[in-house]
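Chemist: Encoded as structure tokens, here's the structure I'll be asking about.
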Amino acid sequence: MKPYQRQFIEFALSKQVLKFGEFTLKSGRKSPYFFNAGLFNTGRDLALLGRFYAEALVDSGIEFDLLFGPAYKGIPIATTTAVAMAEHHDLDLPYCFNRKEAKDHGEGGNLVGSALQGRVMLVDDVITAGTAIRESMEIIQANGATLAGVLISLDRQERGRGEISAIQEVERDYNCKVISIITLKDLIAYLEEKPEMAEHLAAVKAYREEFGV
């Protein structure tokens, strides 16, 4: 685990974005942890979040031309990541996002920002079922662009309805790499460093044993 990944876990815990306990997910599964990126909800939170996304992007080594944030959660993520890439990595990248509703006046269309072209890095909070990615792929392909990769905050590394995870399905279906700031493996490594969190460690390991990929 790299220093920025440990810092991201501590940041998420401090904002209660990441919580340990017992939670029922939309899928009906009982999970020993919960991650709600919507609680990164202040200017400072967003500034820090962008820096973590930028670190993961640079760390990945994936080459791309443009950042794309799917509406709605991906919009502030793409924006703050673009700012962080310019401020901390001297890379001034174009970014764009889609509207859920196409405008019928003014500039029109359902895209805002730079022209959607070239190799696109899609940024979002998490991938649960992969639906947002599939919708985004239709937009990317309709504009003649290609998907270079996908960056999310957390990879839960757990099976979907079948034997593989929603992330593995996206990688398979679109022949792209999905990268994340942290993974379930990183969470476990972090808990192993914290003796006072031993009960959570046991629960997360048991969960991985049952649902992990």
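Just so it is clear, glycine is given a Cβ too, placed from its N, Cα and C backbone atoms.
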Chemist: In Swiss-Prot, the orotate site includes PHE34, PHE35, ARG156. Which of THR79, THR80, THR128, THR131 does it also list there?
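Modeler: Candidate in the recorded orotate site: THR128.
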Chemist: If I take the Cα of LYS100 (5-phospho-alpha-D-ribose 1-diphosphate binding site) as reference, which of the binding-site residues PHE34, PHE35, THR128, ARG156 has the closest Cα?
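Modeler: Comparing Cα positions, the closest of these binding-site residues turns out to be THR128.
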Chemist: Pop the Cα-Cα gap between ARG156 (orotate binding site) and LYS26 (5-phospho-alpha-D-ribose 1-diphosphate binding site) into the table, whole Å please.
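Modeler: It is 14 Å, counting Cα to Cα.
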Chemist: Round to a whole number and give the Cα-to-Cα distance in Å for the pair PHE34 (orotate binding site) and ASP125 (5-phospho-alpha-D-ribose 1-diphosphate binding site).
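Modeler: Cα to Cα, PHE34 (orotate binding site) and ASP125 (5-phospho-alpha-D-ribose 1-diphosphate binding site) are separated by 13 Å.
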Chemist: May I ask which residues of the same chain, at least 6 positions away in sequence, place their Cβ under 8 angstroms from the Cβ of ARG156 (orotate binding site)?
Modeler: PHE35, VAL126, SER165, LEU184
Chemist: Just checking, which of PHE34, PHE35 (binding-site residues) has the fewest C-beta atoms within 10 Å of its C-beta?
Modeler: PHE34
